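The feature [4Fe-4S] cluster binding site is assigned by Swiss-Prot to Cys576, Cys585, with sequence analysis given as support. If you look up Swiss-Prot, you'll see His678 marked as chlorophyll a' binding site, on the strength of sequence analysis. The feature chlorophyll a binding site is assigned by Swiss-Prot to Met686, Tyr694. Under the heading phylloquinone binding site, Swiss-Prot lists Trp695, citing sequence analysis as support. Residues or ranges marked as transmembrane segment in Swiss-Prot (evidence: sequence analysis): 73-96, 159-182, 198-222, 294-312, 349-372, 388-414, 436-458, 534-552, 592-613, 667-689, 727-747.
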Amino acid sequence: MTIRSPEPEVKKVKVVVDRDTVKTSFEKWAKPGHFSRTLAKGPDTTTWIWNLHADAHDFDSHTNNLEDISRKIFSAHFGQLAIIFIWLSGMYYHGARFSNYEAWLADPTHIKPSAQIVWPIVGQEILNGDVGGGFRGIQITSGFFQIWRASGITSELQLYCTAIGALIFAALMLFAGWFHYHKAAPKLAWFQEVESMLNHHLAGLLGLGSLSWAGHQIHVSLPINQLLDAGVDPKEIPLPHEFIFNRDLLAQLYPSFAKGVTPFLTLNWSEYSDFLTFRGGLNPVTGGLWLTDTAHHHLAIAVLFLIAGHMYKTNWRIGHNLKDLLEAHKGPFTGEGHKGLYEILTTSWHAQLAVNLAMLGSLTIVVAHHMYSMPPYPYLATDYGTQLSLFTHHMWIGGFIIVGAAAHAAIFMVRDYDPTTQYNNLLDRVLRHRDAIVSHLNWVCIFLGFHSFGLYIHNDTMSALGRPQDMFSDTAIQLQPIFAQWIQNTHASAPGSTAPGATASTSLTWGGGDLVTVGSKVALLPIPLGTADFLVHHIHAFTIHVTVLILLKGVLFARSSRLIPDKANLGFRFPCDGPGRGGTCQVSAWDHVFLGLFWMYNAISVVIFHFSWKMQSDVWGNISDQGVVTHITGGNFAQSSITINGWLRDFLWAQASQVIQSYGSSLSAYGLLFLGAHFVWAFSLMFLFSGRGYWQELIESIVWAHNKLKVAPAIQPRALSIVQGRAVGVAHYLLGGIVTTWAFFLARIIAIG
C-alpha cells in the first residue's frame with residue numbers, strides 16, 4: 001500500500017467584494033468626532049479639539065475590525081492620489097498661464113524659470129524680479145521646466161491640456177475612493193493576497209509604468225529634444241502625435257526606425273543603438289544625462305520588473321509562495337528564522353508600513369544624491385538654485401519618512417505584536433538581545449561624537465594658538481578619505497575596462513578630468529575629497545547613529561523595559577507611568593519618535609550645509625574663454641570647514657549676507673521668511689521648555705478674570721497635555737528650522753547663482 005502525500009492545494013485567487021457596505025451620507029460630516037463615543041459627545045474642555053485631530057485618522061482607535069481598517073486605508077489612498085493630481089494640475093496650470101516657459105525653452109542659458117507673478121497690492125510687486133527676456137516674476141527652483149523639456153513639452157497649450165487631464169484623473173480617484181468603500185469594498189482576504197499583490201505591483205506599476213515611460217521617451221521626448229538641442233525653434237518642431245503616427249519623421253533622426261520591428265524579432269537588437277545608447281557622462285549641450293541613455297535604462301528596468309511580476313504563485317502551480325520563502329530562511333545562528341513574519345506582515349499594516357517607509361525614505365535620500373551627480377534633465381545642472389532645492393528637499397523628505405518608519409514599527413510593537421506566536425524567530429531573537437544592541441550602539445555614538453567633534457576642537461584650538469602646521473588639513477596633518485578616493489577612482493576608470501560599451505563613467509563626479517560647461521557655467525566636474533570631507537563625514541556618521549539609537553531604542557523597548565515592565569498596557573503615547581512613580585516620564589514609544597525628530601533634524605542639517613558649501617566651493621562657478629574655472633566661493637571649503645569657527649564665519653555668516661541684505665529687492669520675501677522662521681523656531685522653545693502646570697495656573701487666573709466680567713466660556717480652557725505640548729513644540733521647531741534654512745539657501749544662491 002503506497003501512502004501518497006496529499007497534493008498541495010492550489011489556492012484560487014479571486015477578487016471578492018462586499019456590496020453596499022457603508023451607506024453614503026453627509027450627516028457624519030456635521031458630527032465632529034463621530035468615530036469615537038467620547039468625542040461624539042462634543043467639547044467640555046479645549047482638550048477635545050486636540051484629541052479630535054489626534055484620532056481622526058487613527059483608524060485603529062475607531063474599530064478593531066481589521067477588514068474595516070483595511071478598507072478605510074485603501075479608500076484614503078485614493079483620496080491621497082486625488083490631492084496629488086490636483087497639486088500637479090496646479091503646477092502645470094501655473095506653467096501654462098503664468099510662466100515664461102516658452103521663452104525659457106528658446107534660451108535656457110540666459111532666461112531663468114518663473115511661473116508666479118505677484119499682483120501689485122501694497123507694493124508686493126517688488127517680488128517680481130527680472131528673470132530675463134523682459135519677463136518679471138518670482139524665480140522658481142522646483143525643476144518643473146527641466147522635466148517638461150525632457151518630456152518633450154514645447155508649448156504652454158500642452159501644459160494646459162495636461163493640467164485639465166490631471167483634474168480629470170483627480171475626479172476619477174475621488175470616485176474610486178468613494179466606490180471602493182461604499183459600493184464595492186474588498187474583503188480582508190483580498191488585502192492579504194500577497195502573491196497577487198506583488199505580481200500586479202511589480203509587473204503593472206513598475207513594469208508597465210517604466211515601459212510606458214520608455215515608450216513616451218523614445219517616440220516623443222527623444223526626437224523633440226534632439227531638435228531642441230540642434231537649435232530648432234520649438235514652434236517649428238512637429239507635435240508629439242505626428243512623431244507617434246509618422247514613422248518617417250522619426251527615421252530622419254534615428255535611421256533604425258525605418259527598419260520597424262524586424263531587428264527586434266530577428267534578435268539584431270544592436271541595430272537600435274542609435275536611440276538606445278550606453279554612453280555614460282553628460283550631454284555637452286544641456287548638461288543633463290543623455291536622454292537616449294535614460295530611455296534605454298527605463299526599457300531595461302521595464303523588462304526586469306515585468307519578469308519579476310511573474311515570479312509569485314497565484315492560481316497556477318508555478319512560482320514562489322511567500323510564506324514558504326520566509327519560513328525556509330533559517331541560518332545556522334538564527335533559530336526559527338523568518339517563521340511567523342508572514343503572519344505579522346499580513347495582519348499588521350503598521351509593520352508593513354514600517355518596512356515600506358524605511359525603504360522609501362532611504363531611496364529618497366539616494367535620489368537626492370543622484371539628482372546632482374547624474375542630473376537627469378536638460379539644463380538642470382546649471383540651474384544652481386534648483387539643484388540646491390532638489391537636494392535639500394529630498395534629504396528632508398527622506399529623513400522624515402525614516403522617522404515615520406520607526407514610529408509605525410513602534411506602533412506595531414505596542415498594538416499588533418503577539419509574543420505568543422513569535423518564539424525564537426528573528427524578531428524574538430532581536431528583542432531578546434536588545435540590551436546588547438542598544439548598549440553597543442550607544443558606545444558607537446559616544447565614540448563617534450567625541451572623536452569627530454574632537455578633531456574640530458583640536459583644529460579650532462591650534463588655529464587660535466596660531467599653529468596651522470599642527471592642524472588636521474590637506475596642507476598639514478592629512479587625514480585623507482582613502483577608501484572614498486579609491487571608490488571614486490574605480491568608477492572613473494570603469495569605462496573601457498569593466499564597462500567596455502560606455503564612453504564615459506556614470507558620473508563626472510568620480511574623476512577623470514572631464515568637465516561639462518553649459519553657457520559658460522559649470523554643469524559638473526570631478527569632485528575632490530580631502531581632509532575637510534573626512535571630518536564632516538564623521539559628523540554625518542555620528543548624527544545618523546544617534547538618530548538610529550533613539551529610534552531603535554523606542555522600537556525595541558516599546559512593549560516593556562526594566563523600568564516599566566508593563567509598558568505595552570500604557571499604549572503608544574503616554575506622559576509618565578502614573579503618579580507616584582518618579583523618573584518614568586518621556587519613555588513612551590511616541591517620545592522616542594519625538595526625540596528622534598530632533599536628531600534627524602541635526603543629521604540632515606549637517607548634510608545640506610556640507611552639500612551647499614562643497615558645491616559652491618569646488619563645483620559650481622563660471623569658466624572663462626581661456627578655460628579657467630572660477631568657483632563661487634573660490635575653493636575655500638578645504639581650508640575653512642576644518643574648524644567650527646570656519647563653519648560659523650565662512651559659511652553661515654558669510655553666506656547669510658544675501659538674505660540679511662535682501663530688503664528692498666525682489667528677494668525680500670526670503671529676508672522676511674528668514675526673520676519670521678527664526679521667530680517660529682524660538683516660539684517652539686516656549687512649548688518645549690515649560691511645564692503643563694505653569695500654563696494651567698495662568699489659565700485659572702485668566703478664567704477668574706472672565707468670570708468677574710461674566711464672560712466665562714462654556715467650553716473650559718485647559719493647558720495642553722504634556723504630549724500635546726511636545727507635539728506642538730517639535731512641529732514649530734522643525735518648521736522654523738526648515739524655513740530658516742530654505743530662505744538662507746535660496747536668497748544666497750539666487751542672488752549669486
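Each residue, glycine too, has its Cβ placed from N, Cα and C.
Swiss-Prot feature annotations superimposed on the structure.
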{"residue": "Cys576", "record": "[4Fe-4S] cluster binding site", "DSSP class": "coil"}
{"residue": "Cys585", "record": "[4Fe-4S] cluster binding site", "DSSP class": "coil"}
{"residue": "His678", "record": "chlorophyll a' binding site", "DSSP class": "helix"}
{"residue": "Met686", "record": "chlorophyll a binding site", "DSSP class": "helix"}
{"residue": "Tyr694", "record": "chlorophyll a binding site", "DSSP class": "helix"}
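Counting other CB atoms no more than 10 Å from each candidate's CB, the binding-site residues Tyr694, Trp695 peak at Trp695. Cys585 ([4Fe-4S] cluster binding site) sits 19 Å from Trp695 (phylloquinone binding site), taking the CA atoms of both as reference points. Of the recorded residues, Trp695 (phylloquinone binding site) and Cys576 ([4Fe-4S] cluster binding site) place their C-alpha atoms 19 Å from one another.
Of all the binding-site residues in the record (His678, Met686, Tyr694), the one with the smallest CA separation from Cys576 ([4Fe-4S] cluster binding site) is Tyr694. Cα of Met686 (chlorophyll a binding site) to Cα of His678 (chlorophyll a' binding site): a distance of 13 Å.
Within its own chain, His678 (chlorophyll a' binding site) has Gly736, Thr740 as residues 6 or more apart in sequence whose C-beta sits under 8 angstroms from its own.
When Cβ-Cβ distances below 8 Å are used as the criterion, the transmembrane segment (534-552) is approached by residues 402-403, 406, 437-438, 441-442, 444-445, 448-449, 451-453, 455-456, 472, 479-481, 484, 592-593, 595-596, 599-600, 602-603, 606-607, 610, 641-642 of the same chain, each at least six residues removed from its ends. Count of Cβ pairs under 8 Å against the transmembrane segment (592-613): among 159-182, 294-312, 727-747, the largest is for 727-747.
For the transmembrane segment (294-312), the list of distant contacts is 194-196, 198-204, 206-208, 210-211, 213-214, 217-218, 221-222, 275-278, 319-322, 376: same-chain residues at least six beyond its ends, Cβ to Cβ under 8 Å.
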